[in-house]
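Colleague: Mind having a look at this structure? Questions to follow.
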């Protein structure tokens, strides 16, 4: 009897070794395939994520430092391994978020982005490298995550959540409603300039995004990173914060941000937690009598707000505008004129045309006295130089040709009263058109 | 007659751009017959702090969609919104929701 037990034990041990060897072989082969991750262009149903019964020795070693935390423990680690997370946007927030979720051993990561990697992304979107430029962000992020932890299942989606350029705003309402309708918490963060915000929506009696913001804000109040600027580490901090809350929820500890708005002020190095309203009974999607019971047309809901990230204004008539080619010949012929650059000083410091006078649009609008005086002087000089009672030409330039149009309208009101009579036109397409069509060495930003 | 109330106003998330880019404002609301409430505060801000484009801050007698009001570190919805009566040394934050990252 004792002999039989001993034999069986030995056999079992043998088989277990065999299983480990087979698993290692499989893992090795799968690692080799990591470089050929498939990029999904549309959403397809996925097989259910299999729950692990126990941690392998490799798991134990890899996650040992977090397994030691009583807040996580073995059960928490197993919970992570059976959780799927969809990361919407593989940018400044999504990169650190995906990175820490993968590092911690999340089961499956959906990585969604419609965009390709650009040079101007790299200061904050830290999963992408120089060699990934022009590659789909979702794929670039997935490959980086796979290198970090090959046991995480990565599904890169190269698609947009709405038909037009998926503006943050539309995406926010869409993702919120999708989460409410499918009963998932939404760990949401944003970062701009030197500030960040974070809230977990639709979680344990807390509000959803619509409870807080039932009506979308007007389009002009929505600033994105390409307009407002952002210091890369600010979304980095907020993305890490998102990862923290996701890990707390997924492991079973729970998040305390369900009815909280966390605000981060990077300038003052200060975090603040604000108590928010609870879930609202009258909410259109999570309330008692919801009017939104499936996903709707979010562009229509958000109004004309939902257009391209760089809107092109058309305020002026054709004869009030010149092209960059026209301006080039004015320069080449040394025709007397005044070139007025109406961008903010911080942008003029990045690049400007050598002859331009900088007066920001806001100073023109506010009629800042020192600027108006400067303008008067320069126009008078120009008039003297032109020796005649003509109307000296003033050409206005900005980055893309939107603010310059507004400035033409302001200057036309000033012409003949606050300054001498002038002919004022704007340069269509601004400095970026100049860089593209006239001077390829001129910086683009 | 209600006594003057000294309060701390903060603007953030981009809302500070409507008040000359200044985030912190320590202001004293003058003495008036009725106690000051948030509704009257918004009128006062419109008249005294907003430099341009007040429609980007107020709409009707409330704040425009997308701005969250916090009174003493709590969502104003928990405090009575427009009807909340301001106390001396109150802290009122106007924060524009951020979109980006």
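Note that Cβ sites are derived from N, Cα and C of the backbone, with glycine treated the same way.
Please treat TrEMBL annotations as automatic predictions, because they have not gone through curation.
The active site, cysteine persulfide intermediate annotation in TrEMBL covers A:398. The ATP binding site annotation in TrEMBL covers A:92, A:113, A:120, A:121, A:122, A:123, A:124, A:137. According to TrEMBL, the coiled coil annotation covers A:5-32. According to TrEMBL, the feature disulfide bond maps to A:302-A:310. Marked as domain 'Rhodanese' by TrEMBL: A:333-443.
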Colleague: How would DSSP class residue A:122 (ATP binding site) in three states?
Modeller: coil
Colleague: How would DSSP class residue A:137 (ATP binding site) in three states?
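Modeller: The three-state answer is helix.
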Colleague: Using a Cβ cut-off under 8 Å and a sequence separation of 6 or more, which residues in the same chain sit near residue A:137 (ATP binding site)?
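Modeller: Long-range Cβ contacts: A:90, A:91, A:113, A:115, A:116, A:117, A:121, A:125, A:128.
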Colleague: Pick the one among the recorded positions A:122, A:302, A:398 whose Cβ has the fewest other Cβ atoms within 10 Å in this structure.
Modeller: A:122
Colleague: If you count the other Cβ atoms within 10 Å of each Cβ, which of the binding-site residues A:120, A:124 comes out on top?
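Modeller: Going through A:120, A:124 one by one, the largest Cβ count within 10 Å is at A:124.
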Colleague: Write out the long-range same-chain contacts of residue A:123 (ATP binding site), meaning residues 6 or more apart in sequence whose Cβ is under 8 Å from its Cβ.
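Modeller: Listed in sequence order: A:232.
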Colleague: If you count CB neighbours within 10 Å, which one among the binding-site residues A:92, A:113, A:121 has the smallest count?
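Modeller: Minimum Cβ neighbour count within 10 Å, taken over the binding-site residues A:92, A:113, A:121, occurs at A:121.
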Colleague: Going by DSSP, is residue A:113 (ATP binding site) sitting in a helix, a strand, or coil?
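Modeller: Assignment for residue A:113 (ATP binding site) reads coil.
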Colleague: Return the binding-site residues from the list A:113, A:120, A:121, A:123, A:137 for which some CB of chain B is under 8 Å from the residue's own CB; sequence order; 'none' if the set is empty.
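Modeller: The answer is none, since no candidate qualifies.
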